[in-house]
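S.K.: I'd like to ask you about the structure that follows.
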Amino acid sequence: MSNGRILHTMLRVGDLDKSIKFYTEVMGMQLLRTNENKEYEYTLAFVGYGDESQGAVIELTYNWGKTEYDLGTAFGHIAIGVDDIYATCDAIKAAGGNVTREAGPVKGGTTHIAFVKDPDGYMIELIQNKQASAGLEG
């Protein structure tokens, strides 16, 4: 399966409009497409930084009438590479986003990271782009 690629990550959300607004207006993504299933009572919205054929996106799943989920302890976070982590955090805060860990070096290392929380409590790690492809280096 060496020719596979990650297509999307699915997050269950309690308020689809609020989540779309967060990912588009706060995180700077585009709403790529939506799909409503009346028979099974759910709506999907796909958001990302570009066309789905070029990279992974986020699938926001809204199950009609369900406003809250127990996130549990298994899921960690989504990671996004950014060009200027400090300016990105400032822009997120200015747009009303919740930066839970300010930008700075990872403990014991030099990679610069920050964390943001989305409206449903999912964590998003921001990694300075020049360091994102290398992972978390010391």
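Cβ atoms here come from the backbone N, Cα and C positions, even for glycine.
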S.K.: If Swiss-Prot says Arg12, His77 bind substrate, which of Asn63, Asn98 does it name for the same site?
M.R.: Asn63
S.K.: Select the most exposed residue of His8, Arg12, His77, where exposure means the fewest other Cβ atoms within 10 Å, treating these as the binding-site residues.
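M.R.: Output over binding-site residues His8, Arg12, His77: least Cβ neighbours within 10 Å is His77.
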S.K.: Under 8 Å between C-beta atoms and at least six apart in sequence, can you list the same-chain neighbours of Glu125 (active site, proton donor/acceptor), or say none if there are none?
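M.R.: The list for Glu125 (active site, proton donor/acceptor) reads His77, Ile78, Ala79, Ile80, Ile113, Ala114, Phe115, given in order along the sequence.
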S.K.: Take the domain 'VOC' (5-129) and average the pLDDT across it for me.
M.R.: 96
S.K.: Find, among the binding-site residues listed as Glu59, Asn63, the one whose Cβ has the highest number of other Cβ atoms within 10 Å in the structure shown.
M.R.: Glu59
